[in-house]
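What follows is a short report on a single structure.
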Amino acid sequence: MTQFNIPVTMSSSLSIILVILVSLRTALSELCNPQDKQALLQIKKDLGNPTTLSSWLPTTDCCNRTWLGVLCDTDTQTYRVNNLDLSGHNLPKPYPIPSSLANLPYLNFLYIGGINNLVGPIPPAIAKLTQLHYLYITHTNVSGAIPDFLSQIKTLVTLDFSYNALSGTLPPSISSLPNLVGITFDGNRISGAIPDSYGSFSKLFTSMTISRNRLTGKIPPTFANLNLAFVDLSRNMLQGDASVLFGSDKNTQKIHLAKNSLDFDLEKVGLSKNLNGLDLRNNRIYGTLPQGLTQLKFLHSLNVSFNNLCGEIPQGGNLQRFDVSAYANNKCLCGSPLPACT
């Protein structure tokens, strides 16, 4: 039988061609946009190549769900990276938020959280993410002020900057965002007054959490225009009247104003029938408890302790289900579950 001996040089050439063909086939079958992949690899580098991002490999497809925290748009089959979760990474040393995030122009959702070694301000590059709906930067050491340039991202629905090292004052400009539904800025070092413009958020806006900061001054009268389902301004240094947050014509479910220096007549406020949580402890609130509290069938959380309230606790509804601690240390509040009035 005749045997054919392929020369070594030809064999090597065939091997090289085979490798090229395999690589070409892989490249052609890859769904990940090459610009998105390059941006992700740069983000990884900018964060010091943490071991938790070891799945981000240049030889694999970033849209095959093996890249930790990366999702691509499969609905429209554009396969652009539209969802990025950068949470819980152990950075080898302090790094800022990568400006290379701006090179992911189709991002809809960005979560950056639980990274102690993430420092510095929120970079202006974020403003280039013009399709961003949900922005979360939480539980980091990111510092500086909440930037005005966020108002350029008209698509924003949710802003959550909770538990960072942010300081400065609240940016008035974000109230112009037409699609914003809620802000969560609790657990920072934000100071100064709440801007009057925060009473002019769109009708879509229903949630405001700015607790555990250093806010001063009064709650703007413009807040009467808001219809908030949830508001938490607790643990600040706010003063004056908070009655603008209440109203029988509103859909308010929770109001948390504890540990401020608020001073208003509680008896005169209107109550939303949907109210299920009310925390007013440690203020200077006076008057009597409104009779309307007995009509709130969803009320399951109440604390009005450490105020200047007087009179008898109304009987009925859920009011007697709360223990003494919910009513304690007022000026002259009495009746069940407190001692009887005399």
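Just so it is clear, glycine is given a Cβ too, placed from its N, Cα and C backbone atoms.
If you look up Swiss-Prot, you'll see 1-29 marked as signal peptide.
In the three-state DSSP scheme, Cys32 (disulfide bond) is classed as coil. The disulfide bond feature in Swiss-Prot is assigned to Cys32-Cys62 (among others); the stated evidence is similarity to another entry.
The annotation disulfide bond is assigned in Swiss-Prot to Cys63-Cys72 (among others). Cβ neighbours within 10 Å of Cys63 (disulfide bond), excluding its own Cβ and spanning all shown chains: 21.
What Swiss-Prot records for Asn64 (among others) is N-linked glycosylation site. Neighbours of Asn64 (N-linked glycosylation site), defined as other CB atoms within 10 A of its CB across all chains, total 12. In the three-state DSSP assignment, the secondary structure recorded for Asn64 (N-linked glycosylation site) is coil.
Feature annotation from Swiss-Prot assigns repeat 'LRR 1' to 82-107; the stated evidence is sequence analysis. For the repeat 'LRR 1' (82-107), same-chain residues at least 6 beyond its ends with a Cβ under 8 Å from one of its own Cβ atoms are 35-36, 38-40, 42-43, 46-53, 69-73, 113-115, 117-126, 128-132, 137, 141-142.
Across the repeat 'LRR 2' (108-132), DSSP helix (H, G, I), strand (E, B) and coil residues number 5 helix, 12 strand, 8 coil. Taken from Swiss-Prot, the feature repeat 'LRR 2' applies to 108-132, supported by sequence analysis.
Among the features that Swiss-Prot reports, repeat 'LRR 3' is placed at 133-156, with the record citing sequence analysis. If you take every residue in the repeat 'LRR 3' (133-156) and average the pLDDT, you get 98.
Just so you know, the Cβ of Asn141 (N-linked glycosylation site) picks up 13 other Cβ atoms within 10 Å once every protein chain is counted. Per Swiss-Prot, N-linked glycosylation site is recorded for Asn141 (among others).
Below 8 angstroms of C-beta separation, residues 133-148, 150-151, 186-202, 204-205, 209-210, 215 of the same chain, each at least six residues beyond the ends of the repeat 'LRR 4' (157-180), sit close to that stretch. Sequence annotations record features per position, and here Swiss-Prot assigns repeat 'LRR 4' to 157-180 based on sequence analysis.
Residues or ranges marked as repeat 'LRR 5' by Swiss-Prot on the basis of sequence analysis: 181-205. Outside the repeat 'LRR 5' (181-205), and at least 6 residues removed from its termini, the chain residues within Cβ reach (under 8 Å) are 146, 157-175, 211-228, 230, 232-233, 238.
The repeat 'LRR 6' annotation in Swiss-Prot covers 206-228, and the record cites sequence analysis as its basis. Residue counts of the repeat 'LRR 6' (206-228) by helix, strand and coil are 5 helix, 8 strand, 10 coil (DSSP-based).
Under DSSP, residues within the repeat 'LRR 7' (229-252) fall into helix, strand and coil as 3 helix, 7 strand, 14 coil. Per Swiss-Prot, repeat 'LRR 7' is recorded for 229-252.
The feature repeat 'LRR 8' is assigned by Swiss-Prot to 253-275.
According to Swiss-Prot, the repeat 'LRR 9' annotation covers 276-299.
Feature annotation from Swiss-Prot assigns repeat 'LRR 10' to 300-319; the stated evidence is sequence analysis. For the repeat 'LRR 10' (300-319), the list of distant contacts is 254, 258, 266, 276-291, 293-294, 325-338, 341: same-chain residues at least six beyond its ends, Cβ to Cβ under 8 Å.
Classification of Asn303 (N-linked glycosylation site) by DSSP places it within a strand. Sequence-distant contacts (6 or more apart, same chain, Cβ under 8 Å) of Asn303 (N-linked glycosylation site) comprise Ala258, Leu278, Asp279, Leu280, Arg281, Phe322, Ser325, Ala326. Annotation comment: Swiss-Prot describes Asn303 (among others) as N-linked glycosylation site, evidence class sequence analysis.
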Taking the Cβ of Cys62 (disulfide bond) as centre, how many other Cβ atoms lie within 10 Å?
27
Disulfide-bonded residues compared (Cys310, Cys332, Cys334) - the one with the fewest other Cβ atoms within 10 Å:
Cys332
Far apart in sequence but close in space: which same-chain residues, 6 or more away, have a Cβ under 8 Å from Cys72 (disulfide bond)?
Leu31, Cys32, Asp36, Cys62, Cys63, Tyr79, Arg80, Val81, Asn82, Asn83
Cα within 10 Å of Cys341 (disulfide bond): which of the recorded positions Asn64, Asn141, Cys332 qualify?
Cys332
Could you give me the DSSP helix, strand and coil counts for the repeat 'LRR 4' (157-180)?
5 helix, 6 strand, 13 coil
